[in-house]
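Visitor: Below, the features straight out of Swiss-Prot:
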type: BINDING; residues: 94, 98, 100, 120, 121, 122, 123, 124, 125, 126, 127, 128; note: 5-phospho-alpha-D-ribose 1-diphosphate binding site
type: BINDING; residues: 124; note: orotate binding site
């Protein structure tokens with residue numbers, strides 16, 4: 001399933017690599033890899049496979065959540081599809097509380113006393129996912145884990161989740177992407193080394 005989703009993300013252009021002209025991330029960082037999992041919304045087969053992969057991860061981890069929480073904004077749709085398949089309640093978490101109305105950071109029914117799985121589309125440093133999980137904890141939730149579609153596999157993110165004492169897992173990521181591209185002959189050993197050097201620099 002993971003290998004299939006890696007291939008599908010490449011096929012629809014959700015993950016792209018360009019070693020000649022680097023992409024510019026929101027942070028301003030120049031990168032040879034760009035991930036936009038929002039594209040998966042437009043591909044029913046891909047998004048269904050992603051939801052099924054999340055269910056498989058839950059089964060493998062032995063987790064039984066009461067609630068599925070989506071991280072705003074790209075994690076919301078995947079949390080909705082997953083919660084629908086599981087027949088579970090869903091909430092979503094903003095990066096910060098609203099500046100109007102009730103000033104909610106978490107939208108949906110109360111999560112107090114509930115066991116919650118957090119869904120994120122992408123983990124880079126892990127910062128935004130951890131902040132969402134902490135907001136849920138402050139609201140009285142017990143966090144099972146953060147699940148994402150793709151991870152860059154940075155040491156920085158591993159350390160951050162460890163320090164926050166929050167489990168995390170991802171369907172696919174940087175290492176699986178390289179394996180897929182090497183296997184299909186689309187990436188040379190030299191290009192692979194350039195990508196690995198880039199990741200180590202972060």
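The backbone N, Cα and C atoms fix where each Cβ goes, glycine too.
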Visitor: Helix, strand or coil by DSSP: which one applies to residue 94 (5-phospho-alpha-D-ribose 1-diphosphate binding site)?
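Guide: DSSP call for residue 94 (5-phospho-alpha-D-ribose 1-diphosphate binding site): coil, neither helix nor strand.
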Visitor: Go through 124, 125, the listed binding-site residues, and name the one with the sparsest Cβ surroundings, counting other Cβ atoms within 10 Å.
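Guide: It is 125 that, of the binding-site residues 124, 125, has the fewest other Cβ atoms within 10 Å.
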Visitor: Measure from the Cβ of residue 127 (5-phospho-alpha-D-ribose 1-diphosphate binding site) and count the other Cβ atoms within 10 Å, all protein chains considered.
Guide: 13
Visitor: Counting Cβ neighbours within 10 Å across all chains shown, tell me which of the binding-site residues 94, 121, 123 comes out on top.
Guide: 123
